[in-house]
Every structure is written in structure tokens, then in C-alpha cells.
Amino acid sequence: MALKSFDIDAPRWDQTTFMGRLKHFFNITDWRTALLPDSRLDEAKALVESCRAGSIPPGTTEEQLHYAKKLYDSAFHPDTGDRMNLIGRMSFQVPGGMAITGAMLQFYRTVPAVVFWQWVNQSFNALVNYTNRNAASPITPKQIGIAYFTATSTALATAVGLNLYTKKAPPLVARWVPFAAVAAANCVNIPMMRQQEILNGIAVTDENGNKLGHSTKAAVKGITQVVISRITMAAPGMIILPIIMQRLEKYHFMQRITYLHGPIQVMLVGGFLIFMVPAACSMFPQRCSMAVSKLEPELRDSIKSRYGDSVQQVYFNKGL
């Protein structure tokens, strides 16, 4: 039976609940979508846009529309509709993150190795943060450079400082240094990369999508939630895996295959990230809300004067 109409933007799962968001992000962070060619992604975008325009190609099934929307959400920016670079997509977080995190956890003993892999990680993070920013707030190349330099410097200072400090500490403590560096850098990298939103505010709308103005308080709330999500994403793999490896390395068979420790850690990190990427993205709603009473006085008064008490909440894209 041919589909005559279909609301392709209607959520398949309840976005007001954690489980609903978890199903959604399991769907769009599927690492297999990162393997598809651009031509296939463009076909999915064309089908989504055709459906939005009310023109569904004959013979198209509901399942095909859902899959097209999955590819569209995984590869195209929600604000601009532009195709995102491959490395910056959330669907690339599992393959990219498992390789880099596994290397950081394996090569933590020497300062040169720590410096190199923290630099690689922050370069990766900077690209992810830029790709998933709120695109309604443009950022200049100079600001990108400053954000990248600041975050990388923070990560290196934390990692090298703690690496030297933990020389006499128990071995397990030294294994946790990469996580401390990643957490510290995330607290700098994300706000710096999205500084325009903090300085000039983020676009806020009513529940129907009508633009109401720009709010710096909304930007701070959204960016704070993203920082918490990113640290949570990395935490289980970078905290629990060192404990596992510490115990495994005591066994004789593991001591005979030291050359496989790196690949083993990469695969185990991948196991954590397959679950943690969607789980961390699901912690807070993508369409964030904030009470009008908590906005800046000028914006709050402007909304009150135009809409009275009919608008109690504002909404905005917090980014990922």
C-alpha cells in the first residue's frame, strides 16, 4: 500500500524520556552508517526532503523512510542541513574513539607518548565539537585556533603534570591519568569552541519554533550539559578498563602477548563506546528547554511584553 503522507520529522521514540532518547541515539550513532558513501547519504537526504515537501516516491515503504531519516540524522547537521565531515559525526565516535582512547590507555608511561596521544585526542575532539556545534552561532577561524590551542595545552599540562606526579604512586593511579586529562580538556575545549554562543547567546524559540531572541544563560546551560555528557561518555572505558587490564596483565598468558595489549584495549574500549556514546548523548534532551523566568532580564521582559504569560518555556538546540 502506497504511503500518501508521512510526518518524517515526528520522533519515533518519546524524546522526553531517557529510554526514548537512548533508542534514538542508538539508531543515529550506529557506526555502520559511517561506512556508507556520500552518494547513499545524499539519496537519503533527497528522500527526506521529498517527504517533507509532501511528495513520497511511489512504492516507498515506511521502513525505507525511517532508514532514510536515520541516515539523514546521522550525517547532516540539524541546523544547516549540510553534510557533516565524517570524523566529526557521532556515528564515528565508536571507531575513532576506540582507536585513540585505546592508544592513550596503552601508551601512558612515557612523556613523549602521553604528549602525542593527548594531542591526537584533542585534535579529534576539536573537530567533533566544531562539527556538532549550534550552527546558528558562527565562529571564526581565529576563535577555532584559540580554542584548539587552549584545550590541547590544558590536556597536555594535566597529562604530563599528573604523569610526573604519579611516578611514585600505585600503577593503577598512573593508568587513570589519561581520563583526568580528557575530563579537564573537555571542560575547556567545548566552551572555547562554542564561545560565540556564550558571548552572544544562543537562539531560543517557543514550542512552535518561533524565534524569540538570543540567550547567554541558555547557551551556558546547553554547553554545560554537553560537557557532562562527553565526560560521561569517556568515563567507564577510561576508569574501568585500566582496572581490568591491571588484573589481566598478572596472568602468564598475557605476559607472553604484550604486543597484543594495545589491540585488546582498543577492542574493549569499542565495547564500552558502543553503549556509552548513545547513553551519554541521551542524558539530556537534544531540544533543551528553559523557563522564561530564568532568562536574562532584557529577554524575559521582551517575551513578556510580546506574549504575556502564554510563553512559559523557551527551547533551543544544545548541540552534541
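Glycine is treated like the rest: Cβ placed from N, Cα and C.
When the ranges 113-131, 227-245 are checked against TrEMBL, the one recorded as transmembrane segment is 227-245. Within its own chain, the transmembrane segment (227-245) has Cβ neighbours under 8 Å at 93, 97, 101, 104-105, 125, 172, 175-176, 178-179, 182-183, 186-187, 190-191, 261, 264-265, 268-269, 272-273, 276-277, 279-281, 283-284, 320, counting only residues six or more beyond its boundaries.
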